[in-house]
Structures are given as C-alpha cells and as structure tokens.
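> Here TrEMBL flags B:21-371 as domain 'Cation/H+ exchanger transmembrane'. What TrEMBL records for B:6-26, B:33-51, B:57-77, B:89-113, B:119-138, B:150-176, B:182-203, B:215-232, B:290-313, B:325-348, B:354-376 is transmembrane segment.
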Amino acid sequence: MNVEVTPLPGLGTRQDFVSRGGRRIGVITYRDGRMEMIVSKQDDTDSCVASIPLTVEESATLATLLGAPQLVTQLEEQNRDISGITTRQLPLAPGSPYDGRTLGDTALRTRTAVSVVAVVRGGTAHPSPRPDFRLSGGDMLVTVGTADGLGKAVEVLETG
Amino acid sequence: MHDTAISLIELGAVFFGLGLLGRLAWKIGISPIPLYLLGGLAFGSGGLIPLHGIDEFASLAGEIGVILLLLLLGLEYSANELVTGMRRAWLAGLLDLVLNALPGAAVALLLGWGPVGAIAMAGVTYISSSGIIAKVLGDLGRLGNRETPVVLSILVFEDLAMAVYLPILTALLAGATLMGGLTAVGVSLIVITIVLVIALKFGRYVSMLVDSPEPEVFLLRVLGAALLVAGVASQLQVSAAVGAFLLGIAISGSTAENATKLLEPLRDLFAAMFFVVFGLNTNPTTIPPVLGWAVALAFVTTLTKVATGWFAARQQGIGRMGRARAGAALVARGEFSIVIAGLAVAAGAVEDELAALATAYVLLMAVLGPVAARVVEPVARGLQRKLQPRPA
C-alpha cells in the first residue's frame with residue numbers, strides 16, 4: 001500500500017492513500033497531536049467530502065474496528081480444516097463488568113471453553129494475552145471456540 | 001489619579017468594543033481585522049468620537065502587537081519547513097512576488113509617492129494574510145485537500161520574503177541611499193542565513209535558553225527574549241519585527257509549540273490594539289479620495305493572486321477546480337499589509353495618503369478573501385457550464 005506523506009507547513013502532516021475506488025483516504029496529524037480523518041470526493045479527488053476530527057480514543061477505536069476483522073479472517077483461514085472450530089471477534093463494550101479487570105477474571109476458558117488468541121487495541125494486536133492482561137472498554141477480543149461456547153462468551157463479557 | 005480613571009474607562013471600552021466586533025466578524029464568516037480598523041478609524045482624529053489619554057499605551061501596545069505577530073509567525077514554522085517550502089515553491093513564489101507587488105508599486109508611482117512609497121505599496125499588495133487564510137482553510141474543511149500544501153508553501157515563501165523585505169524597507173525609510181539599501185539587503189540575507197543555520201543545527205540550545213517547565217517563567221523568558229531581540233534589531237536598523245520573526249524560527253520543537261499556546265492570546269490582544277492604533281492614526285477623511293484606487297487595486301490583485309494559485313497548483317498536477325480553490329484561497333490580505341504600511345507611515349518618509357490607501361485596500365481584501373475562498377467552487381462550476389455548453 002502506497003501511503004503518501006505530505007507536510008503541511010505550520011500545521012502538521014497529511015498521510016493518505018488512494019483506494020481502489022479512486023478516493024483518497026487518510027489522516028491529518030496536527031502538531032499538537034489532534035487527528036482528523038479525511039475522505040476525498042468521488043468526482044474531485046483533490047478536495048475532501050469530509051474531514052472528521054477524532055480524539056485519541058476515537059481514532060484508536062476506529063483503528064480497532066478496521067484492524068480486527070483482518071486478524072479474524074487470517075485465523076479463520078488457518079482453522080478452516082478443523083471442523084467445528086469458529087473464530088470470532090468479540091467487542092468488550094465500555095462499561096462491561098470486565099472493563100478495567102484482567103482477562104483471568106473473566107474465566108472464559110473454564111466457563112465456555114473459548115480461547116482468547118489476541119486482543120486488538122488501538123489498531124495493534126496483542127497476541128496470546130496472559131491471564132493478567134488488563135482489559136479495557138473498546139478492546140476487541142479475537143476468540144476461537146465452538147459456536148455454542150462463543151455464544152456463551154458473548155454473554156459473559158456483557159453481563160459478567 | 002483622575003486621568004488614570006479616564007484612561008482605564010476608555011481602554012476598557014475599546015477592548016470591550018473590539019470583543020463585540022470580533023464576535024460579530026467570526027459569526028458572519030469574515031476576519032475581524034477590517035472591523036478593528038474601522039473601530040480605530042471611528043475613535044481617531046477626524047473620527048466619530050476621538051479618544052485621548054490612551055495614545056501612549058496604545059502605541060506601545062501596537063508595537064508589541066507587531067512583534068508578537070511576527071514572533072508567532074516564526075514559531076509556526078520549523079527551519080526545515082522553511083527550507084523545503086522554499087525549494088518546492090520558489091517558481092510560484094517568484095511569480096507571486098512579481099504579479100502582486102507590481103500593481104501596488106505602479107499605483108504608488110502614478111500617485112507620485114516616489115520609489116520609497118512604491119516599495120512600501122508593493123509590499124502591501126504582495127503579502128497574503130497567512131492568519132486569515134489558515135483560519136478560512138480550516139473552517140471550510142480544506143486542510144486535507146491536495147491543493148492546500150501548495151497554498152501553504154506559497155505562504156511560507158512569502159513569509160521568508162518578508163524577512164528579507166522588511167529590513168530593506170526599514171533602511172530605505174530611514175533615508176538610506178541605493179548603496180545603503182543594497183548593504184541592507186546583503187546584511188539581512190547574511191543574518192537570515194546565519195539564523196537558519198543556527199535554527200537547523202542548534203535550535204535545541206536556543207530553545208533550552210527560553211524553556212522552563214513553569215508557565216509563568218517560560219512566558220516571561222519568551223516575551224522578554226522577543227522584546228530584547230526586537231529592540232536590538234530595531235537599534236541596528238534591521239526592523240524590530242524581523243528580529244522577532246528570526247527568534248521565532250530559531251525556537252523549535254516542543255518549546256515552540258508551548259510558546260505558541262502561551263502567546264496566542266497575548267498576540268490576539270496586542271495585535272487587535274495594533275490595528276486600532278493604525279486606524280486611530282488614519283484620518284477617515286483621507287480615505288474617499290483614494291477609494292477608487294483601492295478598489296482598482298483590489299480588483300487587479302484579486303486576479304493576480306488567483307493566477308498565482310492557479311499556476312502553482314497546476315505545477316503540482318492538481319485539477320482545474322483545485323487550481324481555482326488555491327487561487328481564491330490566496331486572495332486575503334491583512335495583518336502584514338498593515339504592518340508594512342504602519343512601518344512606512346511611522347517613519348514619516350511617505351505620504352499620509354499611503355496609510356489611507358492601505359487601510360481601504362486591507363478593508364476590502366480582508367473581507368473579499370474569505371468570501372472568494374467560499375464562493376470559488378460554485379462560481380467556477382458556473383463558468384465551466386457556460387464555457388462548455390451541452391450539445392442540444
């Protein structure tokens with residue numbers, strides 16, 4: 001992927017790439033750390049249809065949303081030959097009983113036989129998290145298990 | 001004691017009035033600069049309600065306003081950005097200089113203001129307002145556009161050109177001969193080169209000198225350093241403003257960011273005072289005779305700025321609509337045109353009408369600039385339809 005980095009003198013930097021559909025998609029990073037997501041117009045790629053200011057937390061959440069499915073697809077491909085095993089991404093909503101507690105506290109493995117193979121946070125995957133891994137709202141848990149177990153795991157994460 | 005009371009009341013009324021005007025300006029989507037000028041005109045000699053008793057404070061505050069304007073301009077850019085900006089925009093920058101300085105100079109010569117007046121007016125019509133332009137681009141959500149770096153590079157070029165131009169102007173205003181002018185050019189070029197080298201290689205040390213974790217200490221050091229450097233520069237006939245600008249460039253990194261944050265409100269306060277003082281010192285009755293010239297200049301230099309932006313954007317392979325946007329974005333003139341006119345008038349080496357013409361011109365351009373940036377897209381689309389009628 002060809003990401004173009006353009007300095008904006010006095011303001012910050014623009015980083016963007018051209019999507020297959022011909023739109024420029026990117027991020028403006030201001031000197032003071034503020035971020036803005038930009039999407040160019042379809043008919044005039046020089047100009048933007050939207051520039052959306054994002055807080056650090058919001059951009060991390062967006063990155064997680066965009067980054068997690070890829071990891072899940074990869075895992076699914078690896079596990080395709082093993083029948084009965086499913087890979088899913090489960091969100092940990094802010095305000096969940098486990099927001100701020102460790103992975104061990106959920107006792108997911110014991111209660112549902114589901115394994116957490118990675119936690120995606122802020123666009124970065126933390127693979128094979130240990131039981132002392134502290135969860136926080138907005139995390140995406142990449143899990144492997146039976147369809148049944150995964151259904152139970154969703155409940156556990158939501159209601160404790 | 002009584003005098004102090006009256007001065008405080010007047011000053012309070014002026015600040016409060018400016019606050020109201022500023023709010024009004026942003027609400028209707030224009031820059032507050034023309035309204036501040038109008039405010040000054042209304043309270044000055046020959047205006048509606050002449051104010052006395054705050055002259056001394058106001059003129060010193062205005063001086064500080066100029067120093068802060070230029071200091072923050074310098075803080076905005078790192079030396080790296082200046083160098084790359086120069087490299088990227090030099091051709092468009094030169095075209096910008098020629099196209100936009102010539103109309104001002106020509107009008108000054110036609111009005112018989114002599115070569116010094118011509119050089120001052122050239123500066124007034126040449127320099128775009130980076131303050132207004134950055135604000136408008138942000139408001140219109142165009143910072144992500146592909147033509148925006150082109151616009152910003154031209155602004156960087158202009159600001160560097162100012163650093164060379166202001167000392168020359170100061171030398172000429174002081175009555176120096178051609179030889180003296182050339183010496184001033186040489187000296188200022190050498191000084192700027194030295195400062196750029198220092199900023200590129202040793203910016204850390206300059207920053208360390210003023211930096212402090214205590215906001216109070218930091219503010220005092222930065223402001224103190226700026227006034228000291230500006231004063232010394234002014235004593236050496238290099239112009240206080242340039243001294244402040246170069247200090248701003250030499251301060252870099254996080255120190256520069258923190259300084260900007262601390263100084264921004266101060267700059268806004270003192271710069272507003274500067275515009276008011278300029279208005280105060282301009283007699284409104286001198287404006288009508290030069291109004292025709294101001295309108296003509298506004299018309300011509302709008303077209304020349306659009307041409308500049310069009311050319312610069314085309315060089316970077318940007319489409320027609322983007323070229324039009326880049327051109328319209330550059331139209332606004334403001335703070336620095338008034339800084340130049342203020343220097344010229346304060347030195348007393350040019351006609352008083354120059355202040356009147358500059359005021360009228362900036363009044364027009366500070367309003368026209370944001371409007372042009374806003375309406376350029378529909379206008380360009382309309383023109384396109386007219387020029388390429390659909391086959392019936």
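Using N, Cα and C of the backbone, Cβ positions are placed for all residues, glycine too.
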> Residue list, the transmembrane segment (B:290-313) vs rest of chain: Cβ under 8 Å, 6 or more residues beyond ends.
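For the transmembrane segment (B:290-313), the list is 89, 92, 95-96, 99-100, 103-104, 107, 111, 125, 128, 147, 150-151, 153-154, 322-331, 333, 353, 356-357, 360-361, 363-365, 368, 372.
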> Let me spell it out: take the transmembrane segment (B:354-376), skip the flanking residues so only those 6+ beyond its ends count, and list any with a Cβ under 8 Å from a Cβ in it.
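Non-local partners: 29-31, 33-34, 37-38, 41, 107-108, 111, 113, 117, 120-121, 124-125, 128-129, 132-133, 136-137, 140, 278-279, 281-283, 286-287, 289-291, 293-295, 297-298, 301-302, 306, 324-325, 327-329, 331-334, 337-338, 340-341, 344-345.
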> Look over the recorded stretches B:57-77, B:89-113, B:119-138 and say which has the most C-beta pairs under 8 A to the transmembrane segment (B:215-232).
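By Cβ pairs under 8 Å, B:57-77 leads among B:57-77, B:89-113, B:119-138.
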> Using a Cβ cut-off under 8 Å, which residues of the same chain at least 6 positions beyond either end of the transmembrane segment (B:57-77) come close to it?
7, 11, 14, 85, 130, 156, 159, 226-227, 230, 240-242, 244-251, 256, 259-260, 263-264, 266-267, 270-278, 280, 335-336, 339, 342
> May I ask for the residues of the chain that lie six or more residues beyond the transmembrane segment (B:119-138) and have a Cβ under 8 Å from a Cβ within it?
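Same-chain contacts beyond the ends: 31, 33, 73, 76, 96-97, 100-105, 107-108, 113, 148, 151, 154-155, 158-159, 161-162, 165, 168-169, 172-173, 297, 301, 305, 329-337, 340-341, 343-344, 350, 354, 357-358, 361-362, 365-366, 369-370, 373-374.
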